[in-house]
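Q: For 20-299, the entry in Swiss-Prot reads domain 'Protein kinase', with the evidence type sequence analysis. Positions annotated as ATP binding site by Swiss-Prot, on the basis of sequence analysis: VAL26, GLY27, MET28, GLY29, ALA30, PHE31, GLY32, LEU33, VAL34, LYS49. What Swiss-Prot lists as active site, proton acceptor is ASP141, and the listing cites sequence analysis. Taken from Swiss-Prot, the feature phosphothreonine applies to THR171. Sequence annotations record features per position, and here Swiss-Prot assigns phosphotyrosine to TYR173 based on similarity to another entry.
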Amino acid sequence: MAEFVRAQIFGTTFEITSRYTDLQPVGMGAFGLVCSAKDQLTSQAVAIKKIMKPFSTPVLSKRTYRELKLLKHLRHENIISLSDIFISPLEDIYFVTELLGTDLHRLLTSRPLEKQFIQYFLYQILRGLKYVHSAGVVHRDLKPSNILVNENCDLKICDFGLARIQDPQMTGYVSTRYYRAPEIMLTWQKYDVEVDIWSAGCIFAEMLEGKPLFPGKDHVNQFSIITELLGTPPDDVIQTICSENTLRFVQSLPKRERQPLSNKFKNAEPQAVDLLENMLVFDPKKRVRAEQALAHPYLAPYHDPTDEPIAEEKFDWSFNDADLPVDTWKIMMYSEILDYHNVDAAAQEQENNGS
């Protein structure tokens, strides 16, 4: 039985195994507190995320289960990886991942990014998205604070708690407004992997300009700002709007022409602007896909089709429509954690035998 140690962080009890020391708070999210720590086993710095009251409601239990399943399944250099997971005696769940020094939001608010960094960061975001999308997963909440970066400029996408299955009937209202694709705002359903490309385009534009591209005060204002730059959505896109109120609102807007992005991004190189034009397209079906974007001339210095892997198998979303009581989610979670440790131990043993 692992020995647990308690510490108070921001008035919250952190109850972790003695394997981890030097706890320091690094961030507070809606669903958990994150601390940095030192892993005594590997001597590496790690991030430990405490999921607050994971078994308080069926909705929270399912959300935690989904994040755990995704972290276990997604294994890629540009996706945050799970290094440990445990349930404390108080029945809180802790995810342990690698620790990266900063995130893109902090970088963007501290100084302008040089061209080669913008290029390299965008390449890594798209490389990660190619993999995630090939697994049948849509992130849905891509924004600068969910993109972690270390001192070597290695980049990893994190926070898959909101991620969902690729499903033509998707519903919801999730990503931070500035980075939210118009089809989420307009229909609240029928969206797919293209929403992440829109978000990546907004992040790309912010790296080029040093400030958010579409800083809307609310949904209506957000959409208005988008149309000022990209023009009124084409009729065939407007026809896909399911909500009567939204349809009336969009039809009431003055007709606007799309502005050439080269007028707004005067200091950006033409290839960067061309790629951005292909990412920020109203019609999701005409928006560039991650693997197409990786092959764009702007990313030629980094593009290597032999080193841009896809997932070996699709993520299993069969649990996602389940409406289960907390106790059942708890049993399923325990089972996943046991499986994680068994697989991890088997891999370690194989590594030891092979060396």
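Backbone N, Cα and C define each Cβ position, glycine as well.
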Q: I need the CA-to-CA distance for MET28 (ATP binding site) versus ASP141 (active site, proton acceptor), whole Å please.
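A: On Cα coordinates alone, these residues lie 17 Å apart.
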Q: Could you state the whole-number distance in Å separating the C-alpha atoms of VAL26 (ATP binding site) and ASP141 (active site, proton acceptor)?
A: 20
Q: Counting across all protein chains shown, how many other Cβ atoms sit within 10 Å of the Cβ of MET28 (ATP binding site)?
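A: The answer is 13.
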Q: Are there any residues in the same chain, six or more apart in sequence, whose C-beta is under 8 angstroms from the C-beta of VAL34 (ATP binding site), and if so which?
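A: Result: PRO25, VAL26, GLY27, MET28, ALA47, ILE48, LYS49, LYS50.
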Q: For VAL26, GLY32, ASP141, listed as recorded positions, tell me which one has the smallest number of other Cβ atoms within 10 Å.
A: VAL26
Q: On average, what pLDDT score does this prediction assign to the domain 'Protein kinase' (20-299)?
A: 89
